[in-house]
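Listed features, source TrEMBL:
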DOMAIN    421-554  domain 'GGDEF'
TRANSMEM  69-91  transmembrane segment
TRANSMEM  103-127  transmembrane segment
TRANSMEM  139-160  transmembrane segment
TRANSMEM  172-191  transmembrane segment
TRANSMEM  203-225  transmembrane segment
TRANSMEM  232-250  transmembrane segment
TRANSMEM  262-283  transmembrane segment
TRANSMEM  304-324  transmembrane segment
Amino acid sequence: MVDRGAALPMGGFSSRTGARMFAFRMVMMQPTSRLAPLRRDRLLLALVCGTAAVVCFEAAGTAGAAVQVIAAWVVIAAVHACLIAVAAATARTPGLTAGARRFWASVAVGAAIYLAGDIAQVAHAAAAPRTLTAATGGTAQVAALTVGSAVLMIALLAMPLGFGTSRERVRFWMDVATVMVAALVVGWYLVVPSGGGDAGVRTAGAVVRGPVVVLLCCFVVAKLIMSGTAPFTGRCAALGVTAAVVKSGADALARDGLTERTLPWFLALTVAAHALLCIAIRATQQQIRDDPQAVTRRRGRRRYSLLPYAAIAVTFALLIVAVRMDQRDAVPIALAGAATSTVLVVLRQLDAFRENERLLRELDAKVTELHSAQQGLHRSLAERDSLAARLHHQAFHDDLTGLPNRSLYAERLDAVLTRGAPAVVMLVDLDDFKLVNDDFGHAAGDALLREIGRRLRGCVHVGDTVARLGGDEFAVLISPPHDDPAEVAARIVAAVGAPMAVDGGAARVGASVGIAMTTPSGPARTAEALLRTADRAMYAVKRAGKGSFTIADGAGPQSRSIR
């Protein structure tokens, strides 16, 4: 392990082919269609090609450690200067929300802090290029990097995440705490040198800047993308998280100091990490210019993140590794992290159980409400059907007697004639009904009409129709005729002529019946023609003395009296 005050290795890096392949893959890792923006944006093209060239130069390790260290920090300073300009320009892009403008302005502020640390680091590297801190960062650079990263993280956390309730906000912060605990444990294990002690204290900042920032970035970015409130596109998020991962890898590489073999790769990864962040923001700026809705379009349906659960799994896995490898310095840290993560996840799940219980209660209430509404709807439908049936009955039946009225009688007669079935039509007119109204009153007359309706129903079969056409006139439709029409007419005349008890005494009326019928050998007749024929026959009976019936045929009415 190389101490911070020790000189850096000055030899060359032997694996030049691997360095070239690393730089080549950085450029070619995207599909051809995704490289199209490079042809339209010269700045983006310069950033990508320049980064590839510098990474190739640093990874090759042919220029000597001092030159490579100074060159790396000069390039990083230039990248951060470009980042300030790009982030500030993105914040001024038309169509962005106020929250998105604040976020990009915060990115510009964070980049300015980075740049201040870079300038101090260039001066430090130029003064002592062969020390370890010249490559990994002096006090000023580390402080600037930590503060700048904090600004970026605060800007991410300040973005609205679409929380509907305070309970959702509490669960989010519990997830953040779980991720932070896991990140601290992993970071301590990967970044802090073996043996801990003073070296562990000095590298605590690297833990915060490395794995903690990476995992928090992944978690918060995922939440923003899923909520649809992210101020950046999915491509920018992927590149930004990749930059954080690359920087964390570089810090892990310097855990036990830098050797002749690891220094070039450390510098290459450090330059690549800072450049990727600038490339991501420039690509986002171009996407927003091409499509102002690119940052507001919802990109996923899943409303939860698996990262907190993955984080607790990592802490337990790290604890198992530390115990099996007998790493006594790491076991207490891993154990504390596993215990803390477990407590946080248990609290998170208890809160989720309470929320589920509340949702189930609300669901039960909704189901009960819907059931009541369904029953009410069934009652309403039943009432509607009952009302419709009553209205239909009232439209086609006589209010006084309950018998079919003229409309329903005509409808049934038309239906019988349309089928070509034999039909017998009888028109029944009451004789001397006016005298009943005059002698006993209209109430007695109404009662008599109801009784006559019942008597007429008793004279025919169930399938036949007895209707009241109006006043004291009734009609009978027999189809098919089961009895001789003359016998039916005789029963009607006899039934109507029988005395009827009314208030104040007994009333008696007669019946004049006119009959018309269809014959199998005769011509087809219409309902109007049959009714007209039966009407003429009925009036013929009245002229002949009432109280009898007449059957009309093609030759004229034939009268048969029963008196």
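Using N, Cα and C of the backbone, Cβ positions are placed for all residues, glycine too.
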In the predicted model, what is the mean pLDDT computed over the domain 'GGDEF' (421-554)?
91
Counting Cβ pairs under 8 Å that are 6 or more apart in sequence, does the total for the transmembrane segment (232-250) and the transmembrane segment (139-160) reach three or more?
no
How about the transmembrane segment (139-160) and the transmembrane segment (103-127): do they have 3 or more C-beta pairs under 8 A, pairs 6 or more apart in sequence?
yes
Give the one range among 69-91, 262-283, 304-324 whose Cβ atoms make the most pairs under 8 Å with those of the transmembrane segment (103-127).
69-91
Where DSSP helix means H, G or I and strand means E or B, what are the helix, strand and coil counts for the domain 'GGDEF' (421-554)?
57 helix, 39 strand, 38 coil
